[in-house]
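As given in TrEMBL:
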DOMAIN    132-233  domain 'P-type ATPase A'
TRANSMEM  20-38  transmembrane segment
TRANSMEM  50-70  transmembrane segment
TRANSMEM  82-107  transmembrane segment
TRANSMEM  251-270  transmembrane segment
TRANSMEM  276-303  transmembrane segment
TRANSMEM  576-600  transmembrane segment
C-alpha cells in the first residue's frame with residue numbers, strides 16, 4: 001500500500017479539484033510576490049496585472065465550484081460550502097480577489113481530499129483483483145502424465161481436474177481428488193492455522209497451497225467461488241456506504257442560515273446593501289473550512305509518529321466517540337499464531353522429554369506448529385538432542401531419529417494406523433489444534449495448541465467503557481463459536497458471534513452502525529466488507545493489501561496500546577476542532593451583529609475575520625503538540641505467549 005507523501009501528493013494532484021487547489025496556491029504566491037515588488041503608487045493597469053493570477057483562478061476555478069455547491073445545496077441542507085460560495089461572490093463584488101482566491105483554495109482543497117478518500121472503494125476492489133487467482137492447470141486426463149493445459153481460472157468448468165502446484169493460489173472451490181498436503185486459508189478465513197488437505201477435503205479459491213502438489217476437482221466455476229462472493233460483498237458494501245456528513249457541514253448548516261438572516265436583516269432595516277456585504281464578509285466560514293482541516297492534518301501527523309497510518313481522514317471525526325467496538329478474533333485480540341498450551345503425556349512419560357524430542361524433529365519442518373513446539377522447548381530451557389534423520393510426508397506427519405529412538409508427530413488418524421490399541425489412551429478432543437507424539441511407534445503424548453489472547457487484551461477491554469465511553473463490545477468471527485466463546489470469556493466480552501460469513505459480518509456491522517458510531521478491528525480479507533461498513537475500520541499490522549485498502553487506519557505494530565492512542569487522537573482532534581470552529585463562529589457572530597448595526601465596515605469586517613481565522617488555525621495546530629504518552633491505558637508488562645504458556649504448565 002502507498003502511504004508515502006509522494007504517493008499522496010500524486011493522488012491529490014491527479015484530481016481536478018486537487019489541480020485547482022495547487023494552481024490557486026501558485027496564483028496566490030505570484031500575486032503576493034508581484035505585490036511586494038510593484039510600485040505602491042502604480043496605475044490601475046498595474047493593479048490589474050497584479051490581480052490577474054487571482055482573477056484567473058477565481059473565474060476559471062471558482063465558477064464551477066460555486067455551481068457544484070449550489071447543486072449540492074439543492075439536494076441537502078447545505079453547509080459551510082454554501083456560505084463559502086456566497087462569500088466568493090461577495091468578495092468579487094467588493095473586488096477582494098485575494099479573499100476570493102483563498103476561499104477557492106479552501107473549497108477545492110477540501111473537495112480534493114474528500115475525493116481521494118472516496119477513491120478507496122475502487123482501490124480496494126483493484127487490490128482484490130490483483131490478488132485473485134488467474135491461472136489454472138487443467139489435466140487432459142486423470143493424471144498429469146496425460147498432459148496439462150494452462151487456462152484462465154474463469155474458463156474452468158465444474159468437474160474439471162486441476163493441478164495446484166506448490167505455493168500457487170487455488171483457482172476455484174473444489175475437492176482434493178489426489179495428494180496430501182496443506183493450504184494456507186488465513187487470507188480468506190482469518191484463522192492462523194495451515195489446514196491439512198487429503199483426498200475428499202474441501203479447498204477454497206484464493207487459498208495458498210503448501211509444499212506438495214494437489215489434484216483438485218472443481219465444484220464451482222470461478223464466478224461462483226467463495227473468493228468471488230467476498231468480492232461481491234465488498235463491492236456491495238462500498239456502493240451502499242452511507243454518505244458521511246463532515247463536521248464542518250453539520251455546524252455550517254445552521255451557521256449559514258444565521259449569517260444570511262443577519263445580513264438580510266441589516267440590509268432591510270438600514271436600506272444599505274453594504275451592511276449585507278459587511279455581514280457576509282465577517283461571516284466567511286474560515287474557522288470551519290480551515291480550522292477543522294488543520295486539526296485533521298495535525299491528527300494525521302500525530303498518528304503517523306505513533307505508527308498509525310490514517311488512510312481516510314474522515315474517520316478521525318468518529319473514532320474518538322465510538323459507542324460500539326467489534327473485533328475479529330484472530331490477530332486482533334489474539335497474537336494470530338499457534339502457541340503450545342498443554343502437553344497431555346501418557347502415564348510414566350516425562351512431558352519435558354517428549355517436548356525436547358518433538359522440538360528436535362520439528363526443527364526440520366516448515367509447518368506453523370513447528371515454531372510453537374521449538375519456542376516452547378526454548379522457554380523451558382530444554383536441551384534439544386541431535387537428530388539423525390528426518391522425513392516429512394505432507395498430511396501424514398513428521399518422523400525423525402532422536403537419540404536412537406524413532407519420534408513421530410502425526411494426528412489421531414495417523415496414530416490409529418501405527419498404534420491402533422492406543423486410541424483408547426488419547427484424551428478427549430478439544431477445540432484448537434493438536435499433534436500426537438509417538439516414540440518408537442508407541443503413543444507418548446498429545447500436544448495442544450491455541451491462538452492465545454494478547455497479554456493486554458483483558459485490560460484493554462475493561463478500559464474501553466471507563467476511558468472512552470464504549471457501551472458495547474463484541475467478537476464477530478468465522479471461527480467455531482466454542483473457540484470464539486472461549487476467547488471472549490478470557491478477555492471479558494459477553495457478546496459473541498461465531499461461524500459468521502463475511503456477509504453475516506457485514507449485516508451485523510451495518511445494523512449496529514445505524515444506531516451509532518462503531519469501530520471494527522480486523523486483519524483478513526473476510527473482514528474487509530465489515531471494515532467498510534463501520535464508522536471506523538482499523539486493520540492491524542502489515543496486513544494484506546486488500547485489508548489495508550479497505551481500512552480507514554492501519555496500526556503498524558498490531559498493538560492494542562496503539563489502538564487506544566488512536567481513540568485518544570480522534571477525541572483530541574474533535575475536541576480542538578470544535579473549539580476552533582465554535583469559538584471562531586461565536587466571534588464571527590459578534591462581528592456580524594456589529595455589522596448589522598453599522599458598527600463594522602466591510603473592510604474592518606475583513607480584517608476582523610482574518611484575525612479570527614489566524615486564532616482558529618493556531619488553536620487547531622495544537623493537535624499535533626500532544627503529550628508524549630497519549631494513552632491512559634496502563635497495560636501490564638508484555639511477555640511472549642510462549643512464556644506464559646510454558647509458565648502455566
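Keep in mind that glycine also has a Cβ here, set from the backbone N, Cα and C atoms.
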Cβ-Cβ under 8 Å with the transmembrane segment (20-38): same-chain residues at least 6 beyond its ends: 12-13, 46, 49-51, 53-54, 56-57, 61, 65, 98, 101-102, 104-105, 108-109, 112
Chain residues in Cβ proximity to the transmembrane segment (82-107) (below 8 Å; excluding those fewer than six residues from its ends, i.e. six or more beyond): 20-21, 24-25, 27-28, 31, 51, 54-55, 57-58, 61-62, 65-66, 69-70, 72-73, 252, 255-256, 259-260, 277, 280-281, 283-286, 289-290, 293, 602, 606
Distant-in-sequence neighbours of the transmembrane segment (276-303), which means Cβ under 8 A and at least six residues beyond its ends: 80, 83-84, 86-87, 90-91, 93-94, 96, 99, 102-103, 106-107, 109-110, 113, 246-248, 251-252, 255-256, 259-260, 262-264, 266-267, 309-310, 313, 316-317, 553, 565-566, 569-570, 572-573, 576-577, 580-581, 583-585, 588, 591-592, 595-596, 600-602, 604-606, 608-609, 612-613, 616-617, 619-624, 626, 630
Within the domain 'P-type ATPase A' (132-233), residues counted as helix, strand or coil by DSSP: 21 helix, 37 strand, 44 coil
Taken over the domain 'P-type ATPase A' (132-233), the model's mean pLDDT: 86
